[in-house]
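**Student:** Pulled the feature table from TrEMBL, pasting it below:
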type	residues	note
TRANSMEM	12-32	transmembrane segment
TRANSMEM	38-59	transmembrane segment
TRANSMEM	71-89	transmembrane segment
TRANSMEM	95-114	transmembrane segment
TRANSMEM	121-140	transmembrane segment
TRANSMEM	170-188	transmembrane segment
TRANSMEM	259-284	transmembrane segment
TRANSMEM	307-331	transmembrane segment
Amino acid sequence: MAITITESSAKHWALRFVGVATLAGIAIYFASGAAPSTLGKITEACTLAIAAIALNLLLGFNGQISLGHSAFAGLAAFTAGYSVNAWHWNPWLSLLISCAVCFAFGMLVGLPALRLKGSYLALVTLAVAFVWPTVARKFLNQTVKQSTLTGMKLKPPTWTGLANNRADRALFLFWLSIALLIVAYVVVRNIRKSRIGRSLVAVRDNETAAAVMGVNLPVTKTITFGISASLAGLAGWLTAAQLTTLDENSFTILTSIKYLLALILGGAATLAGPVVGAFVYYFVDDLLKTNAPHWDFLPGPLSNGPVASFLLGAVVIAFVFIAPTGFVGLIKSQTRRIAIVVPRPLRHSSVAEASVEESESP
């Protein structure tokens, strides 16, 4: 028989503490002895998780399909790289500016969502992703006058006690990526738990009913697009901090598909799904790319890359059939046999006060 745990109870908080402590212990373990290359891979996985969280806010909680999040990330990366190198801005100021620019651009791209939805909206955002490399190339040729844009070359602040060498820089980016991932997670979690979050879900489930209940559809849709784009910009800024150079191929339609696959693997419309899916996708992909060239049973041309992409696609397709709700959905279905977390019941006083207020309202 499954154990029933009330949400926000002492047992629930104890489980949360154990989970957070475990994750913190894993992070400290890697930070204390991992090679810079390993830290770099974890940083890239965290960056992918931030982008997947951004997409989850739009697709999972609001029901708006977007295949253009690579353009938002690319816009933030180019904004940060150019402002730091050409205008000598502080990198941390470029973070705020990049997210603000992506927010405005996201609201602009979100305007078609007022009239379109489903596959039609997906085509509009797909067009944005396709156009971005051309825009980036034009910018590089006409403004930068080079084929590439230099990254931010983010240095560890002096208060960290870290030097500006490869190992310390990798360690700093590792902790920075974890911090930004936590920020993105907390932002989306707070939105989801708020009245705005309930409006998002209402619009996703039934737009007509949501409008009847007083939800402002145009404002809800465009603001959600803007917030999602700014979070994708956070991932783009972090990418600019990692890469030495940026070009038009740094953010393509394949980047958007990678964001979407990470979300599907982890589980859309869940808070932890994008994070779990991003790490699973990244390290399965890295494992296949690393080991495929050493598989002797494969012909030479296949082992150099195509077979790794093919196997990754096969793994994703097979997993979608096995667990259509993603890793988090699969884990929840299994853990329900052991423990069930139920919502905290309303206090009688709160119910009575609500009834009185409702009866006294004109």
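For all residues, glycine too, the Cβ spot is worked out from N, Cα and C.
Describe the structural surroundings of these features, if you would.
**Tutor:** Outside the transmembrane segment (12-32), and at least 6 residues removed from its termini, the chain residues within Cβ reach (under 8 Å) are 5-6, 38-39, 42, 171, 174-175, 178, 341.
If one looks beyond the transmembrane segment (38-59) by at least 6 residues along the same chain, the residues whose Cβ comes under 8 Å of a Cβ in the stretch are 30-31, 65-66, 69, 72-73, 170-171, 173-174, 176-178, 180-181, 184-185, 188, 191, 200, 224-225, 227-232, 234-235, 238-239, 242, 258-260, 262-263, 266, 268-270, 273-275, 277-279, 281-283, 286.
Non-local neighbours of the transmembrane segment (121-140) in the same chain are 64-71, 74-75, 78, 109, 112-113, 146-149, 247-253, 255-256; each lies 6+ residues outside the stretch with a CB under 8 Å from one of its CB atoms.
Listed as Cβ neighbours of the transmembrane segment (170-188) (distance under 8 Å, sequence separation of 6 or more from its ends, same chain) are residues 27, 30-31, 36-37, 39-40, 42-43, 46-47, 49-50, 53-54, 56-57, 61, 154, 156, 160, 162, 227, 231, 234, 238, 241-242, 271, 275.
If you look at the transmembrane segment (259-284), the same-chain residues 6 or more away from its ends with a CB under 8 A from one of its CBs are 41, 44-46, 48-49, 51-56, 59-61, 67, 69-70, 181, 185, 188-189, 192, 232, 312, 315-316, 319-320, 325-329.
Same-chain neighbours of the transmembrane segment (307-331): 261, 264-268, 270, 272-273, 276-277, 280-281, 284-285, 288-289, 292, 295, 298, counting only residues six or more beyond its ends whose CB sits under 8 Å from a CB of the stretch.
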**Student:** Can you tell me which parts of the same chain pack against the transmembrane segment (95-114), counting only residues 6+ beyond its ends and a CB-CB cutoff under 8 A?
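**Tutor:** That would be 64, 68, 72, 75-77, 79-80, 83, 89, 121, 124-125, 128, 217-218, 221-234, 236-237.
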